[in-house]
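Asker: Feature table excerpt (TrEMBL):
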DOMAIN    658-722  domain 'CBS'
DOMAIN    755-814  domain 'CBS'
REGION    847-866  region 'Disordered'
TRANSMEM  126-150  transmembrane segment
TRANSMEM  214-236  transmembrane segment
TRANSMEM  256-277  transmembrane segment
TRANSMEM  284-301  transmembrane segment
TRANSMEM  313-337  transmembrane segment
TRANSMEM  386-408  transmembrane segment
TRANSMEM  428-447  transmembrane segment
TRANSMEM  499-520  transmembrane segment
TRANSMEM  532-553  transmembrane segment
TRANSMEM  573-598  transmembrane segment
Amino acid sequence: MESEQLFHRGYYRNSYNSITSASSDEELLDGAGVIMDFQTSEDDNLLDGDASIGTHYTMTNGGNINSSTHLLDLLDEPIPGVGTYDDFHTIDWVREKCKDRERHRRINSKKKESAWEMTKSLYDAWSGWLVVTLTGLASGALAGLIDIAADWMTDLKEGICLSALWFNHEQCCWGSNETTFEERDKCPQWKTWAELIIGQAEGPGSYIMNYIMYIFWALSFAFLAVSLVKIFAPYACGSGIPEIKTILSGFIIRGYLGKWTLMIKTITLVLAVASGLSLGKEGPLVHVACCCGNIFSYLFPKYSTNEAKKREVLSAASAAGVSVAFGAPIGGVLFSLEEVSYYFPLKTLWRSFFAALVAAFVLRSINPFGNSRLVLFYVEYHTPWYLFELLPFILLGVFGGLWGAFFIRANIAWCRRRKSTKFGKYPVLEVIIVAAITAVIAFPNPYTRLNTSELIKELFTDCGPLESSSLCDYRNDMNASKIVDDIPDRPAGTGVYSAIWQLCLALIFKIIMTVFTFGIKVPSGLFIPSMAIGAIAGRIVGIAVEQLAYYHHDWFIFKEWCEVGADCITPGLYAMVGAAACLGGVTRMTVSLVVIVFELTGGLEYIVPLMAAVMTSKWVGDAFGREGIYEAHIRLNGYPFLDAKEEFTHTTLAADVMRPRRSDPPLAVLTQDNMTVEDIENLINETSYNGFPVIMSKESQRLVGFALRRDLTIAIESARKKQEGIVGSSRVCFAQHTPSLPAESPRPLKLRSILDMSPFTVTDHTPMEIVVDIFRKLGLRQCLVTHNGIVLGIITKKNILEHLEQLKQHVEPLAPPWHYNKKRYPPSYGPDGKPRPRLHNVQLKPIAEEREETEEEVHLLNSTTL
């Protein structure tokens, strides 16, 4: 028969190892040979999930969206454990959505029975709004606490307020009557460490003592932060956004959004920022907000029992995190939509907006910066921009794209080296070394000694009549009779030129240290360091253009719009545009980034410069590689993430990617009613596959459904305990009707209730472009490959990731066969009437067996006729 011939001729010559524990999602964390060579060291295996044959795994089973089969409804008594997922596995979006629809139907059908059922229905309907409200409240409160604590501990490196120990430097001098306008940061209540220890406020001794204390506090904060992370919550390190993106795509990482991670990340984020490392708190605030959303979701059964619904809450939480990080609620919603969310329905958009609103309201009520603003570096400009300025804005975009491409390659190379060398085994030592180098180099330069947010604030600020910064040390017009808001362009003084040299050194320092800092084992965000680099470059360019316009106002490019004595150029605007360009070059964000920066400035008229710079940075960065920093770290860590932005342009087919392959053992399948309990138990014990296709019989081999390994194990164990007469020789029946058995036969075990009757299937001729699109849009973990209803193999999410990686690195497309355009496939049967094996149109270099051409294939190519 055809099925037997297919089985013996080659369609079944390979193994079902694509659903083994060795090919389950967690293996991606350890690497996949030449395809994904991501080695981890002792301290880097934070997300390792070692697979073993004895471990039970839950594997998502694809399904037809219009299927009327509901797994849990077919169970007479729900078995505990069915429908749940193990750690480091991908959820089944289709099954989770079916469960949620069935839950909703059940609640609606009962709500008219009694007042209590109606109350439960209302509670279920409002639970989504309640959970995002709680998430927004917690995110805003924690963000305010982090901002206040980080400011106080940052100033603690330089001195202390004797009148009130909990005041930072600025707050300490607010109530002092002995400060002057020029030296408003000096007051008797604030004492530097040199004054307290050696009693000197000025001189070399004072400078050396302050230098030593600055390094001491920086190392102390860094050591405490990395120690807390290493001991109590390894998941609290890093930015968290790559992992959040992976979790929102359906991957499960137990504990990553837990209460211990939340508590340790909140504490160590303050310590890491205060240590002066080249990192920010904005990225980790997204992780903090998602921890809050995950914890509160367990209070509501609607979300605690459904992983897909829980990810809607996490999408709203990520919007709240960006909202409190930048004071940009709308930008937070767009960030969640553009950058992190995998599934974003319309109701999630509304709830994300509401969560961002609540979080911003709470942060505004706390007022952590004392300026009635949500962020420290809120600025307003009054001078319009002119058409000529688009040229330097675009040049800043080019710089941002080049910086992003350089940073991604350099940081990934360093992180990969950290994983593959002994240096990665000592994360505490690495953090101490980086903190020491940062503190030693940063202290002499006032712009690197500043907190990074304070630095961005100073670079963004326009020079007014009351500014005393060296960046505003211009030579004033002695004929000016009054103070006005718009000061005309003036020649730069010695302070400005000195500041430019210091900013150039700060730029080099920030570029180098950010490469080595991002990825160490402390909470580390990338938003603020990238914005600082762009702001420094932008301010330098802005001052240069300003001086060019002042000294050459008669040039044709300035003559029409920049008259003598006019305020034409705003260097702070260039700093803002440069900050957006560099952040866009690193993250490849576009719309959300423009809106975030727009909300920072409060001016609509600067949208066009921001859009021009951000798009230019993205185009330049994409010329060197389309991956942003978060996608690059996802690939480095081997997370099973299918990026929707990546295009699939190859001509491979489903049969080229499916498992089993030629050299693999035969495909492991179950028959509909011909196997005993002992046969299935032996198959489970001898293999480590996550699921098994169920076929009608060895003769027909037509697909009936798909059974998960975990569900089989749970169902058999439950039947042995609760049903009498179930023994090893009992016949297992997946069919609707039990076949007739001899009278002396033991009682059969019916397992049709755990069978997925509509697994998602594709034919072996389906282009991989369509298969990849199906996996992305439906959130599948695997689909079965069939030929005329006969199971040939399986494609899992990991198989697709491996295939994409191979195509990216090692593929050499073969020349299309001479009959390719007129007839895509050779005839299914040869001259002898027997089925022919599939031909591969793509040859992968590292796979030797696919490089070797058999005599049968040569004969097939030569004998094929049109």
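Note that Cβ sites are derived from N, Cα and C of the backbone, with glycine treated the same way.
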Asker: With pairs fewer than 6 apart in sequence excluded, do the transmembrane segment (428-447) and the transmembrane segment (256-277) have three or more C-beta pairs that lie under 8 Å?
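Answerer: Yes, these stretches are in contact.
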Asker: How about the transmembrane segment (532-553) with the transmembrane segment (386-408) - do they touch, taking at least 3 C-beta pairs under 8 Å (6 or more apart in sequence) as contact?
Answerer: yes
Asker: Take the transmembrane segment (428-447) and find every residue of the same chain, 6 or more past its ends, with a Cβ under 8 Å from one of its Cβ atoms.
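Answerer: Same-chain residues near the transmembrane segment (428-447) but 6 or more away: 211, 214-215, 218-219, 221-223, 225-227, 230, 275-278, 418, 455, 458, 499, 502-503, 505-506, 509, 513, 516-517, 520-522, 536.
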Asker: Restricting attention to the domain 'CBS' (658-722), give the mean pLDDT.
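Answerer: The average pLDDT of the model in the domain 'CBS' (658-722) works out to 85.
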Asker: Looking at the stretches 214-236, 313-337, 573-598, which one shares the most CB pairs under 8 Å with the transmembrane segment (386-408)?
Answerer: 573-598
Asker: Determine whether the transmembrane segment (284-301) and the transmembrane segment (126-150) share at least three Cβ pairs under 8 Å, counting only pairs 6 or more apart in sequence.
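Answerer: Output yes: the transmembrane segment (284-301) sits against the transmembrane segment (126-150).
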Asker: In the domain 'CBS' (755-814), how many residues does DSSP call helix, how many strand, and how many coil?
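Answerer: Once the DSSP states are binned, the domain 'CBS' (755-814) shows 24 helix, 21 strand, 15 coil.
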Asker: Could you give the number of helix, strand and coil residues in the domain 'CBS' (658-722) as assigned by DSSP?
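Answerer: With helix first, then strand, then coil, the domain 'CBS' (658-722) has 24 helix, 18 strand, 23 coil.
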